[in-house]
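Before any comments, here is the structure.
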Amino acid sequence: LPQGKVPASSILASAPSDKNLDAWRESGCRTTHCNLEVLQESTLVFLATKPHVLPGVLQEIRPAVGPHHIVVSLAAGVTLQTLQRLLPAGTKVLRLMPNLPCVVQAGAMVFARGSGAGDGEAALLKSLLSSCGLCEEVPESYINIHTGLSGSGVAYVYLFAEALAEGAVKMGMPGGLASRIAAQTLLGAAKMMLETGEHPAKLRGDVCTPGGTTIHALHQLEKGALRATVMNAVEAATNRACDMAKD
Amino acid sequence: MSVGFIGAGQLAFALARGFTAAGVLAAHKITASSPDTGLPTVSELRKMGVNFTVSNKETVKSSDVLFLAVKPPIIPFVLEEVGPDIEPRHIVVSCAAGVTISSIEKKLSAFCPTPKVIRCMTNTPVIVREGATVYATGTHADVEDGKLLEQLMASVGFCTEVEEDLIDAVTGLSGSGPAYAFTALDALADGGVKMGLPRRLAVRLGAQALLGAAKMLLDSEQHPGQLKDNVCSPGGATIHALHFLESGGFRSLLINAVEASCIRTRELQHLADQEKISPAAIKKTLLDKVKLESPSLSVASASKVSLFTNKSPSSKKN
């Protein structure tokens, strides 16, 4: 919406209760309690329910799904295979995994296409979602990895930011200021990575004056085996995503 | 040009071997001295055609470039002994870890007003002409003197000039570095053997892998992190292995090692400055000197010889 890609009046959201719909209406979107209405009024349909609710919803909307529809599921752990099984044969289905910072247009999203979805649909989705951040098409097998890296990854960053700030507080800086600076540091570093395209190891080296503060600090991080711990975290979250998908 | 080595141990041998193999110096233009003729390197040097003597003074007289290739605590004693024989033409090159240019110049100034001193830190792979050497020039060493040394050392590997205050760090990194590599190679070979390779093959392949990787890095503009990534296929064997290395704190161990070696080097510098030397080392070198100077005396009567003269015991380097 903020990017002006789609006018609010073209967006229709449905939910069983009004609990969440107020926020949509405030943005100028139309709302309804009828899922079928969404199918009737829209071409591009996002399935944004919790995973366990989804099969029921799919059963409900199946009769109204046609060849012109593009169905994009956001449900974690629900495979393309499952989606395609519960929808009419040949339906254009795609699976999308976003992450939280989409709300500030700095998200990291990956999507995978089902057998019925073609280049046109993929291009449409990518173009639309680029307004929310980085959006890349991937093989379905990467989606769980994306969860471990970036879906959950956002939490790792929050943890790291908190720890940075805490270190600063220990050294005498007020917490609020420390927090803001920590966040800006992460933002700036990430921006440099994305804009320069340079290898993070090289960017790291660029900051390390011989015998200076940075290399002393990095030594502490290496002693704590930070790298391995982070790898463990990504692995654990990915494995959990895989396990949950099987349930 | 002739080159002399005070000390006939591993370093002297490695450099002599490297220089002759590189063709920059004929063996007969090299002299090495040590009181300990029993060192294995002594016979190797002799076999090469290097002039070997037990007299440090002789080495000094027959050299233009004089390498001090002895252990750091011995340096002050060596300088006392050969100081009187140092002439303006001499370029004194100290390879001793942690021994500062100023400490050498101070010692020599008693004998020679403007001694040319260069401090250098090299490493044993000079023996296969893949050494890593840095040097810093002293107060009275000219640019040409530095360049001369650089030419010599460049024939046996990489050589560059640095500020003296970096030399301890160089010691920690490339001075000791080959030892870290040997340790790594031993362990890599163990890994290979564990997984079924014959030892010889495992050693050969491990060494070649490190050699190749080092060469790639030296030839490449890329960061080692990038080169590492290039080897790691998603979900593949290598990344699984690397995770183990990271879990074990591999990187920090290496950082620790370089740091420890550098710090120890600085400690050795203080030992040299205080002219402290272990009693065991003094005892052995003096005893040898006594034996050499008075072959007709039995060891039992050696105690009659004054062991505490002002003259330094001959230098010795293992």
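Note: Cβ is positioned from N, Cα and C throughout, glycine not excepted.
Cβ atoms under 8 Å from those of the signal peptide (B:1-26) belong to residues 32-34, 36, 39, 41-42, 44-45, 48-50, 52, 56, 59-60, 62-70, 78, 82, 95, 122, 124-129, 131, 148, 151-152, 155-157, 315-318 of the same chain, restricted to positions at least 6 beyond its ends. Residues or ranges marked as signal peptide in TrEMBL: B:1-26.
Residues or ranges marked as domain 'Pyrroline-5-carboxylate reductase catalytic N-terminal' by TrEMBL: B:3-98. Secondary structure of the domain 'Pyrroline-5-carboxylate reductase catalytic N-terminal' (B:3-98), assigned with DSSP and counted as helix (H, G, I), strand (E, B) and coil, comes to 45 helix, 19 strand, 32 coil.
Per TrEMBL, the feature NADP(+) binding site maps to B:Ile6, B:Gly7, B:Ala8, B:Gly9, B:Gln10, B:Leu11, B:Ser34, B:Ala69, B:Val70, B:Lys71, B:Pro72, B:Cys95, B:Ala96, B:Ala97.
Taken from TrEMBL, the feature NADPH binding site applies to B:Asn56. Around the Cβ of B:Asn56 (NADPH binding site), 25 further Cβ atoms fall within 10 Å across all displayed protein chains.
TrEMBL lists B:164-268 with the feature domain 'Pyrroline-5-carboxylate reductase dimerisation'.
Of the recorded residues, B:Asn56 (NADPH binding site) and B:Ala8 (NADP(+) binding site) place their C-alpha atoms 11 Å from one another. B:Ile6 (NADP(+) binding site) has a Cβ environment of 31 other Cβ atoms inside 10 Å. In this structure, of the binding-site residues B:Gln10, B:Ser34, the smallest number of CB atoms within 10 A of the CB marks B:Gln10.
Note on B:Ala8 (NADP(+) binding site): other Cβ atoms within 10 Å of its Cβ, all shown chains, come to 33. When Cβ atoms from all protein chains are considered, those within 10 Å of B:Val70 (NADP(+) binding site) total 28, not counting its own.
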